[in-house]
Amino acid sequence: MNPYILATLLFGLGLGTTITFASSHWLLAWMGLEINTLAIIPLMAQHHHPRAVEATTKYFLTQAAAAATLLFASITNAWLTGQWEIQQITHPLPTTMITLALALKIGLAPLHAWLPEVLHGLDLTTGLFLSTWQKLAPFALFLQIHPSNSTLLIILGLASTLIGGWGGLNQTQLRKILAYSSIAHLGWMILVLQFSPSLTLLTFLTYLIMTFSTFLVFKLNKSTNINTLGTSWTKAPALTALTPLILLSLGGLPPLTGFMPKWLILQELAKQGLAPTATLAALSALLSLYFYLRLSYAMTLTISPNNLTGTTPWRLPSTQLTYPLATSTAMTICLLPLTPAISALLTP
């Protein structure tokens with residue numbers, strides 16, 4: 001892609017997200033989301049592969065439906081209450097519609113079906129953008145409206161953690177596994193949103209760091225399915241040894257960073273008298289843990305055939321920058337002892 005066009009599209013991505021962050025009016029927030037969607041579509045379709053075009057079309061249709069629902073809900077809110085302010089949304093009907101529209105935008109279950117299909121059709125770099133950056137603007141709106149419909153949020157959160165766990169069990173494509181992992185993590189964030197927005201923000205930040213390092217590992221190895229992970233020991237032995245720690249951090253095992261948000265969310269849910277919800281969420285985390293363990297096993301405990309295709313002499317060295325991978329991996333593995341400091345920073 002022409003670097004000028006790429007720069008323009010990335011600027012559009014940043015601008016759309018910033019407009020939604022800064023807006024207090026529903027029309028402006030909607031406009032930011034639309035700019036965001038329109039900027040990522042050429043990035044998704046740049047490879048002219050039929051699967052990429054199909055993924056782009058699916059993404060465009062779902063995002064357009066979500067944006068139309070959001071606009072309709074905000075107009076309904078203005079009609080019922082006379083308010084366009086994001087903070088002033090009080091009527092239950094537009095609140096529910098906006099919650100569902102944002103859930104469709106980020107891919108929460110049961111409105112999740114587009115996410116694994118779309119992510120599977122993209123390359124790993126655009127997939128990383130879709131799994132991290134594209135979630136920022138809708139989450140900013142979620143945090144601003146403070147949805148009061150507690151039952152709906154808990155249903156969305158629990159459905160996402162369960163479907164995110166179940167869906168990834170039978171997959172062999174890494175991008176689909178990462179999509180289901182994303183759905184499960186978003187479920188955890190939504191579960192605690194109404195009780196502790198700062199904890200949702202903390203979970204989101206740790207999710208960004210862990211997903212970033214996982215995508216970069218797969219990109220360095222040029223892996224898109226489980227079978228190709230077996231050759232990674234010949235390309236990057238040290239990274240292959242560290243990757244199970246990154247994956248288990250995504251699964252939420254102590255003493256890794258990913259344990260921190262899960263631990264705090266379970267504690268908060270128990271405080272709010274939602275012990276059954278917390279138990280279900282913890283059990284669904286075991287489902288996710290199984291497929292992270294499966295990836296770890298395929299990568300480190302199986303050795304691919306030691307033939308010409310499985311060894312490295314003819315492979316070109318990777319041109320990927322390793323500083324982002326090194327820093328994100330260190331953060332993915334080592335942040336748990338800093339939990340009090342991070343919680344103090346994010347608590348208003």
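Numbering starts at 1 and runs along the chain as it is shown here.
Here the Cβ of each residue, glycine as well, is placed from N, Cα and C on the backbone.
For 23-285, the entry in TrEMBL reads domain 'NADH:quinone oxidoreductase/Mrp antiporter transmembrane'.
The annotation domain 'NADH dehydrogenase subunit 2 C-terminal' is assigned in TrEMBL to 289-342.
The feature transmembrane segment is assigned by TrEMBL to 60-80 (among others). Counting same-chain residues at least six beyond the ends of the transmembrane segment (60-80), those with a Cβ under 8 angstroms from any Cβ of the stretch are 26-27, 30, 33-34, 37, 41, 89, 91, 93-94, 97-98, 100-102, 104-105, 114, 118.
The transmembrane segment annotation in TrEMBL covers 92-115 (among others).
Annotated transmembrane segment per TrEMBL: 151-170 (among others), in sequence order. Nonlocal intrachain contacts for the transmembrane segment (151-170), taken as residues 6+ away from its ends with a CB within less than 8 angstroms of a stretch CB, comprise 96, 99-100, 103, 108-110, 112, 116, 176-177, 180-194, 274, 277, 280-281, 284-288, 290-291.
What TrEMBL lists as transmembrane segment is 177-195 (among others).
What TrEMBL records for 201-221 (among others) is transmembrane segment.
Marked as transmembrane segment by TrEMBL: 233-253 (among others).
What TrEMBL lists as transmembrane segment is 273-293 (among others).
The predicted model assigns the domain 'NADH dehydrogenase subunit 2 C-terminal' (289-342) a mean pLDDT of 81.
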